[in-house]
Amino acid sequence: MPVLHNRISNEELRARMLAETEPRTTISFYKYFTIDDPKATRDALWQAFTALNVFGRIYLAHEGINAQISVPESNVEAFRAALYGFHPALDGVRLNIALDDDGKSFWVLRMKVRDRIVADGIDDPTFDASDVGEYLKAAEVNAMLDDPDAVFIDMRNHYEYEVGHFENALEIPADTFRAQLPKAVEMMQEYKDKKIVMYCTGGIRCEKASAFMRHNGFQKVWHIEGGIIEYARKAREQGLPVRFVGKNFVFDERMGERISDDVIAHCHQCGAPCDSHTNCKNDGCHLLFIQCPACAEKFSGCCSELCKEEMSLPEEEQRRRRAGRENGNKIFNKSRGRLNTTLGIPDPE
């Protein structure tokens with residue numbers, strides 16, 4: 001039986017990726033369709049994609065597949081053929097090509113089987129995920145933005161919205177998609193007779209969100225085909241005004257794609273205009289936050305003086321302090337006042 005997981009350290013894998021000379025293309029795609037045996041599907045795709053030197057992150061579940069990957073340019077067409085030929089439901093699936101790509105988005109292939117490809121918290125057996133809203137193409141999106149009867153809803157997390165969004169789009173304040181769905185229904189009650197336009201990064205969240213809105217009685221629901229990535233690409237190709245302002249946050253090493261020159265966010269430490277996300281350099285923290293170059297130098301890439309001080313301690317003492325400390329997925333949120341008292345950083349819960 002072949003080894004169907006990685007046995008090489010992250011450090012070595014990253015070094016190998018950085019040493020590559022062939023350009024890579026960053027691609028994202030998703031598809032809601034029934035997978036009878038996600039584990040067997042995962043193993044078969046692992047072997048096919050490993051043979052093409054694909055890196056990235058792929059989730060599979062009974063409800064479908066969600067993938068963000070990078071592929072060597074010389075293997076893109078072979079990858080497309082392998083994917084399209086793997087299952088009838090994947091034949092012709094839309095591939096979102098990254099807009100602002102240095103080819104260094106991933107350095108390892110990780111494939112996991114999950115309960116859902118997007119954690120939605122929906123347990124209503126009458127919910128029909130296929131009853132989605134209508135797709136909008138780039139020109140139609142711009143027309144809707146000028147329609148006073150239309151309301152745009154951003155179905156991304158607060159840290160994504162903070163650095164970029166469509167003009168006048170409403171933010172659903174939440175840290176997870178699971179928490180956003182009921183909030184969106186609640187917030188949109190006063191707009192129930194309006195045209196509801198939902199969007200996200202690549203389409204996977206807003207597609208399910210549009211079905212959830214329809215499930216809750218909203219009839220005039222649209223969502224942007226291919227999300228922000230496809231909208232910006234098509235608008236540029238067609239010579240249309242790009243009405244997304246700022247940066248599109250992405251979940252890979254790039255942490256963002258520049259859509260417009262506007263910088264609408266601010267450094268979380270000094271307040272200077274900045275939209276560059278980073279993770280705190282303290283291994284016991286890794287808080288996701290926005291930091292300008294001046295503060296990066298001042299705090300040595302850390303989110304606080306406390307983290308900077310901890311970084312200067314002997315490694316053994318740092319490990320002792322990290323032991324037992326909750327870590328991972330910490331996100332700066334200006335709307336919360338509670339702090340992690342150990343480090344003096346915002347609590348992610």
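Note that Cβ sites are derived from N, Cα and C of the backbone, with glycine treated the same way.
Record features, source Swiss-Prot:
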ACT_SITE  C200  active site, cysteine persulfide intermediate
COMPBIAS  314-328  compositional bias 'Basic and acidic residues'
DOMAIN    146-240  domain 'Rhodanese'
REGION    314-349  region 'Disordered'
Legend entry - Distant-in-sequence Cβ neighbours of C200 (active site, cysteine persulfide intermediate), under 8 Å, six or more positions away: D154, M155, R156, C206, A209, G227, I228
Legend entry - Three-state composition of the domain 'Rhodanese' (146-240), taking helix and strand from DSSP: 44 helix, 19 strand, 32 coil
Legend entry - the domain 'Rhodanese' (146-240) [mean pLDDT, rounded to integer]: 94
